[in-house]
Amino acid sequence: MVLKRVRCYYLIITIRLKMKVFTNKNLSIEQYGFINTFPNQNYILSYLHPYNPYSSLIVCYDVGLGKTYAAACLAHMYLDSGFKVLYLSNSLNSIDNFSNEYEKVVLDSRLNSLKKNITIKSFSKFYNCEKRGESDNVDYGLIILDEVHNLRESAYRYKLIKNKLDTMNNSKILVITATPMIDSKDELDSILSLTKETSRIIFSENKIDIKISYVGQEINGETLFLSEMKGQQLKEYLKVVNEENDTVYSSSRQASISLSNKFNPSIPLDEQSSKINAFINSIKEGELTVLFSFYVKRGIDFTSSVLESIGYKKWNSNKKQKRTYAVIDGRTNKKNVEEILTSFNSIANIKGDNIHILLGSSVLSESITLYRVKHLHIISPFWNYGQIKQSIGRAIRIGSHEGLEDKSMKVYLHAAHYDKEGKDIDIWKIAYDKNKDIIKRLEELKIDNEFSNDSLLDIPKIDNEMVIKINEWVWDFRNCFDTNKFKISWCKIYEDKAIGYNLENNTKIMGNIPSYIRINRPIPGGYTIWRSCIDKKLRISFIDGEVNKFSKRGKLISNVNTSEIAKDLNCENNIESIINTLKEQNRYFDKQIEYDL
């Protein structure tokens with residue numbers, strides 16, 4: 001067994017982002033009340049804010065890091081500001097997922113009224129409408145292109161959609177993909193050209209602390225789960241290899257999975273399918289297992305019949321059964337998909353009491369989350385790492401292994417062979433070689449976008465008075481007060497001159513003081529004692545309508561006539577008693593700038 005961290009499986013890089021300065025006071029994202037957004041999501045929301053000047057952003061965050069939720073939050077910001085939103089994706093799972101995520105964002109009665117201003121279409125539907133001249137001509141404030149790697153599948157569709165985007169000059173564009181390059185390092189260029197400007201492209205480091213171990217032995221640089229074909233399967237495989245003249249090896253790939261569409265109990269399993277025989281032998285009781293197969297009949301259908309031959313039953317929502325399996329493929333309707341996923345992901349299924357084994361085709365490989373999976377099998381090799389990454393990403397996400405003491409998963413990249421040779425091994429090698437070129441291109445991007453934190457942010461020295469550090473933020477309030485060496489004024493405080501530096505994503509914002517930071521000032525309706533952040537001295541002020549007993553900057557507490565104040569406050573005639581009385585009334589501030597997390 002080869003033990004690796006998930007970040008070793010494919011290149012995951014963090015690009016340090018060049019500093020952007022946001023100056024509009026309305027740019028705060030706190031006002032929207034988003035729950036549980038992470039720094040990588042907040043960067044998207046801040047950068048592509050409706051009132052920021054930037055018109056596009058390409059997000060290449062890895063699977064499982066909340067790209068769709070961030071897109072839903074961003075859509076809400078535009079809808080709340082009166083704009084319309086267009087969401088495009090070619091994955092029905094992605095479309096449903098985005099709609100569900102938006103419902104999590106809006107926690108009030110405005111959901112339906114806001115949601116009607118979101119147009120949701122597949123790339124194919126959008127393409128067909130444009131092709132027929134049925135453009136809606138809506139002036140969208142935001143266009144979201146999700147799973148954009150699917151847009152490259154059709155050159156004609158890509159060109160028409162790109163031409164349409166080029167005419168939508170007033171729209172901002174958010175491009176989302178976990179796999180910007182699948183088959184070629186040049187594919188990134190087609191994504192970059194979808195936007196109207198030189199777009200910022202951002203990657204993220206995967207901080208999901210789940211161990212992945214690849215089971216098998218290393219062949220051509222990749223850890224493969226080998227199984228040797230024999231008997232009738234090997235005869236069938238060699239026959240189709242000799243007859244096959246196409247370059248995609250469709251027949252031999254299917255033959256390498258199984259001999260036929262259904263298990264024949266009169267023939268030993270290892271002579272019908274070396275892969276499924278190895279799969280069956282790897283099954284562990286009490287540990288959830290997922291199997292992906294590109295081919296339905298020789299993959300999923302054959303595996304289903306094998307499972308039933310050893311006592312497994314197909315999951316039925318109306319029956320309580322033990323040792324069950326479920327299937328999600330192109331034949332599974334939407335309602336059944338939802339029921340299967342709900343049952344599989346339930347905490348009650350942590351040991352497979354509802355569904356032990358889930359079989360899935362390519363429809364399961366995008367925009368679906370699977371929880372607490374311990375074993376993941378890919379029995380049909382892919383031509384590229386993008387599809388591998390998408391499949392594994394279904395089960396490795398933020399919170400995907402909560403409830404398990406051992407947060408780890410085993411991955412089995414199946415390869416059938418004879419004498420360590422075969423089309424499976426060839427295809428895995430092609431994918432591996434492609435990935436080396438893609439990694440090189442990504443490394444070049446990393447170098448092109450590498451910046452120094454110090455040179456970009458120029459963060460002032462923290463003094464815990466006018467410059468304070470709170471978590472990943474440093475806040476500078478030195479320009480917020482109308483003061484010089486001769487005057488100190490509490491009445492003119494310029495909150496829009498506060499500067500915030502985010503140390504995690506290298507952003508700089510102005511005028512967006514979060515709600516947990518307070519700049520204290522005299523309270524109307526009486527006396528207030530406050531310590532000025534300018535000279536650190538205690539001052540007392542009195543405000544009652546238009547009445548000001550002292551100057552606007554207050555009066556030093558050491559210089560006041562205590563008898564008059566003590567009489568007004570009905571306390572003893574000394575400074576200590578006056579201070580204690582105002583403390584009891586919550587009208588005493590020892591620090592002008594306070595924060596409460």
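Cβ from N, Cα, C; glycine included.
Computed from a predicted structure; not experimentally measured.
Feature annotations, reproduced from Swiss-Prot:
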type	residues	note
BINDING	Tyr61, Asp62, Val63, Gly64, Leu65, Gly66, Lys67, Thr68	ATP binding site
DOMAIN	48-198	domain 'Helicase ATP-binding'
DOMAIN	275-467	domain 'Helicase C-terminal'
MOTIF	146-149	motif 'DEVH box'
My understanding is the cutoff is Cβ-Cβ under 8 Å with a sequence separation of 6 or more in the same chain; which residues meet that for Gly66 (ATP binding site)?
Thr37, Phe38, Asn40, Gln41, Ile398
Near the Cβ of Leu65 (ATP binding site), how many other Cβ atoms are there if near means within 10 Å?
23
Using Cβ atoms only, which residues of the same chain lie under 8 Å from Lys67 (ATP binding site) while being at least 6 residues apart in sequence?
Val59, Tyr61, Asp146, Ile176, Ala178
For the motif 'DEVH box' (146-149), what does DSSP give as the number of helix, strand and coil residues?
2 helix, 0 strand, 2 coil
